[in-house]
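> Below are the features I grabbed from TrEMBL:
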type	residues	note
ACT_SITE	His117	active site, pros-phosphohistidine intermediate
BINDING	Lys11, Phe59, Arg87, Thr93, Arg104, Asn114	ATP binding site
DOMAIN	3-140	domain 'Nucleoside diphosphate kinase-like'
Amino acid sequence: MATNRTFTMIKPDAFAEGNSGAILKMIEEAGFKIVAMKATQLTPAIAGKFYEVHSERPFYADLCAYMSSGPIIAAILEKDNAVEDFRKLIGATNPADAAEGTIRKIFAKSIEANAVHGSDSDENAAIEGSFYFSQTERVG
Ligand code: GDP
Ligand code: MG
């Protein structure tokens, strides 16, 4: 995957509240193109694998339970400087710290149920995108 891509999930809280459309609209209006997308529901084991990097953190079990608690949308997004620009668009992990106008500020409920995921590096964007999408399920 090219380095002008990032990976996102609309998390169970935002999906359940019917905020997926509004969030995707903000993403497109910020200049990101959707080059892969699907709705799915993770099992606890798959959520655990996705978040394996956090397996030593105290919130890991809660996070895996939460991320498998309902449907999500997974998507690969394309834009120049995608990873950094998308992190800016979503805002800080804790919505209490997120800047005004960011997706998490608008839609997140808590530090855990924070509406969206965004990759933190080009390398992880490629790994995370490939975790969900095969070559034939994405553009390019
Ligand atoms: P992100 O890159 O901004 O999503 O944040 P991290 O990579 O640090 O954490 C991954 C996800 O774990 C976050 O998006 C939250 O859903 C959850 N999380 C992070 N910190 C906490 C915490 O202190 N408590 C709980 N319950 N969940 C957390
Ligand atoms: Mg992270």
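Glycine too: its Cβ is placed from the backbone N, Cα and C atoms.
Those TrEMBL annotations? Automatic predictions, nothing curated.
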> Taking ligand 1 as the reference and 6 angstroms as the Cβ limit (strictly under), which binding-site residues among Lys11, Arg87, Thr93, Arg104 are close?
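Going through Lys11, Arg87, Thr93, Arg104 in sequence order, those close to ligand 1 turn out to be Thr93.
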> Please compute the mean pLDDT of the model over the domain 'Nucleoside diphosphate kinase-like' (3-140).
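A mean pLDDT of 97 is what the model gives the domain 'Nucleoside diphosphate kinase-like' (3-140).
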> Please report how many Å separate the Cα atom of Lys11 (ATP binding site) from that of the residue listed as 'active site, pros-phosphohistidine intermediate', as a whole number.
7
> Quick one: Cα separation, His117 (active site, pros-phosphohistidine intermediate) versus Arg104 (ATP binding site), in Å?
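His117 (active site, pros-phosphohistidine intermediate) to Arg104 (ATP binding site), Cα-Cα distance: 10 Å.
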> Checking the spread of the ATP site as listed (Lys11, Phe59, Arg87, Thr93, Arg104, Asn114): what is the longest Cα-Cα distance, in whole Å?
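That value is 21 Å for the farthest Cα pair.
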